[in-house]
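If you check TrEMBL, you get these features:
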- B:Thr215: active site, nucleophile (ACT_SITE)
- B:Arg243, B:Ile244, B:Gly245, B:Asp246, B:Thr265, B:Gly266, B:Lys267, B:Gly268: substrate binding site (BINDING)
Amino acid sequence: MGGWAIAVHGGAGVDPNLPLERQEEAKQLLTRCLNLGISALRSNLPAIDVVELVVRELETDPLFNSGRGSALTEKGTVEMEASIMDGPQRRCGAVSGLTTVKNPISLARLVMDKSPHSYLAFSGAEHFARQQGVEVVDNEYFITPDNVGMLKLAKEANTILFDYRIPTSGYETCGSGVESPLQMNGLPISVYAPETVGCVVVDREGRCAAATSTGGLMNKMTGRIGDSPLIGAGTYACNVCGVSCTGEGEAIIRGTLAREVAAVMEYKGLGLQQAVDFVIKHRLDEGKAGLIAVSNTGEVAYGFNCNGLFRGCATEDGFMEVGIWE
Amino acid sequence: MRREGDMFFKVESEVRLALNKEQGIRKDMGWAIALHGGAGDIPLSLPAEMRKPREEALRHCLQIAVEALKAKVGPLDVVELVVRELENIPHFNAGKGSVLTSKGTVEMEASIMDGATMNCGAVSGLTTVLNPISLARLVMDKTPHIYLAFDGAQDFARQQGVPTLDSTHFITAHNIQRLNQAKQAHTVQIDYTQPIQNYTKKETLFANSDSQIGTVGCVAVDGLGNLASATSTGGLVNKMVGRIGDTPLIGAGTYADARCAVSATGKGEAIIRGTVARDVAALMEFKGLSLQEAATCVVHERTPKGTVGLIAVSAKGEVAMPFNTTGMFRACATEDGYSEIAIWPAAQVE
């Protein structure tokens with residue numbers, strides 16, 4: 001009880017056939033990011049700074065779906081989004097539709113700290129980025145050969161499902177002759193790129209913060225916004241907890257997932273783990289998602305209803321764990 | 001004491017309502033509808049030439065809504081058609097009549113939610129689409145996504161063949177004036193390369209209180225308890241290009257589930273932070289509060305004064321329209337005959 005706590009994630013919904021080397025790579029990255037956060041917490045950096053610096057690290061590494069290594073739109077481009085929230089006064093910042101900003105989470109932070117608004121998107125956000133002097137690069141920087149390959153596969157798997165000129169009914173059901181029975185967001189698990197990275201922290205003062213960043217859904221329509229930049233859906237932090245979600249964006253939005261954890265803690269008096277379990281069980285219906293959370297009393301928890309969640313957590317009393325499966 | 005400008009129409013007797021309450025008869029499962037044209041610092045001195053057209057618009061929209069509900073049109077269709085109507089009326093901050101960005105352009109956003117299925121749709125950054133709420137509906141019905149914005153949303157609009165007009169269609173002289181006033185009053189605020197020291201000052205962008213008009217919205221429930229909510233806006237006067245507010249955010253400006261449907265209006269940043277629309281439903285669900293209690297709690301206890309108003313209906317056919325601003329353009333009606341059109345707080349009848 002008390003003390004700092006931190007959790008990170010690299011996305012929910014993992015291919016059960018993911019090669020072992022990839023699993024190892026992922027665990028190493030999660031460990032590295034956890035350690036980064038832990039040193040920052042030991043130097044008494046406030047929670048809001050810790051979540052930002054950890055997510056920056058996750059964005060910069062091409063392994064997960066954010067910043068460099070983001071999933072691609074149907075046009076083969078990258079459109080990134082992120083949000084950050086500071087528990088004590090529930091200040092928040094979010095961005096969508098970024099194409100050149102190297103670290104979306106830092107721009108979200110600047111929206112929170114340096115603009116009169118909470119959410120900026122597309123060309124307005126890019127313009128703000130230039131005014132703030134953040135690092136910008138060409139869109140190609142974010143595109144990896146892996147994802148170019150994935151996009152092709154996704155298109156093949158979904159030519160019927162995503163033809164939105166034809167009224168769809170139950171797009172979430174399997175399309176034409178795809179082998180794997182496991183699906184997320186209408187994509188076979190082998191081509192589905194887990195959507196997001198995130199970090200939640202409570203510092204020694206009991207302040208919670210949360211941050212989430214993503215390239216979004218593979219083969220998404222340009223202009224599509226998912227749950228990651230939406231306060232209350234993908235990200236939430238208040239006096240009692242900090243939450244970051246990942247998975248099927250539409251299900252997370254509909255279930256206002258991140259906000260729900262705080263709501264059941266506050267309105268039903270549930271503890272953190274109970275709240276996480278409750279929300280995963282009751283707020284998702286058919287949707288698949290996972291989340292990480294910390295409480296203002298120094299607890300950490302995670303939950304998911306799909307077949308894997310890249311995650312790591314640590315608390316001040318020495319507990320540390322990195323995992324992918326149940 | 002009734003203030004000039006408040007109109008209370010009681011189609012059937014208020015006495016009957018009072019009797020029902022006394023006898024513990026609750027009118028469960030009748031239809032109910034509420035709509036709003038924005039909450040904000042609407043001055044009591046609002047001149048008649050500004051007040052009357054808005055009251056007339058509210059009356060007109062209420063009538064359309066009631067006729068539709070009586071004709072058994074589903075709540076999702078009802079909220080869409082009411083919001084379309086409000087978007088077309090230039091007096092409100094949505095569709096035509098949207099307030100302007102700092103560059104003098106229009107960027108419209110909207111969202112819609114079907115309580116029965118929890119399906120939702122949202123759009124932001126529209127510049128030429130005649131009815132943003134209908135595009136949000138199409139995102140919900142015709143794509144695998146929930147939310148499309150800016151160029152991607154405009155492309156989708158083109159593909160769907162929805163009516164579009166040159167963006168000058170949406171710009172009114174009044175809004176050009178509002179923008180100029182805002183710019184003159186707050187040139188310092190707009191220099192956002194400087195750190196904003198006091199967070200609470202961020203949203204005081206208006207010298208002229210008339211520019212404080214939030215949004216339009218509609219919530220409805222049919223006799224079977226199916227609920228729906230829709231909200232649409234041009235956003236904040238002098239907003240940064242690309243600014244997204246609460247209106248297209250599910251859980252903030254719009255929400256509907258099996259218990260209630262909510263549409264919020266006011267200061268977007270406060271509504272986002274407070275996940276206002278979802279909070280009403282969450283209080284009902286997790287603390288067992290009634291619609292009225294939940295709505296009142298969210299508006300008067302959980303959000304700073306002067307920032308928010310909302311309309312809400314419950315599956316049982318109840319209506320609530322609380323606000324903590326000076327006023328909120330609003331109207332409502334229920335199947336048992338009650339209806340109301342108002343701007344400022346209701347007269348206290350004790």
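Placed from the backbone N, Cα and C atoms, the Cβ positions cover glycine too.
Note that the coordinates shown come from a computational prediction; the quantities given were computed from them, not determined experimentally.
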Least buried by Cβ count (within 10 Å) of the binding-site residues B:Arg243, B:Lys267: B:Lys267
Chain A neighbours, filtered from recorded positions B:Thr215, B:Ile244, B:Thr265, B:Gly266, B:Lys267, Cβ-Cβ distance under 8 Å: B:Ile244
B:Thr215 (active site, nucleophile) versus B:Arg243 (substrate binding site) - Cα distance in angstrom: 15
Extent of the substrate binding site in Å [max Cα distance among B:Arg243, B:Ile244, B:Gly245, B:Asp246, B:Thr265, B:Gly266, B:Lys267, B:Gly268]: 16
Nearest-integer angstrom distance between the alpha carbons (Cα) of B:Lys267 (substrate binding site) and B:Thr215 (active site, nucleophile): 10
Cα-Cα distance linking B:Thr215 (active site, nucleophile) and B:Gly245 (substrate binding site), given in Å to the nearest integer: 10
Local backbone state of B:Thr265 (substrate binding site), from DSSP in three classes: strand
Whole-number Å value for how far the residue listed as 'active site, nucleophile' lies from B:Gly266 (substrate binding site) (Cα to Cα): 7
Count of other CB atoms lying within 10 Å of the CB belonging to B:Thr265 (substrate binding site): 32
B:Arg243 (substrate binding site) in three-state DSSP notation: strand
Cβ atoms near B:Gly266 (substrate binding site) (within 10 Å, other residues, all chains): 30
Winner by Cβ contact number (other Cβ atoms within 10 Å) across the binding-site residues B:Gly245, B:Gly268: B:Gly268
Alpha-carbon spacing, B:Asp246 (substrate binding site) to the residue listed as 'active site, nucleophile', which is rounded to whole Å: 10
Rounded Cα-Cα span from B:Thr215 (active site, nucleophile) to B:Gly268 (substrate binding site), Å: 10
CB within-chain contacts under 8 A for the residue listed as 'active site, nucleophile', separation at least 6: B:His36, B:Gly38, B:Asn93, B:Ala94, B:Thr231, B:Ser232, B:Thr233, B:Thr247, B:Gly253, B:Ser263, B:Ala264, B:Thr265, B:Gly266
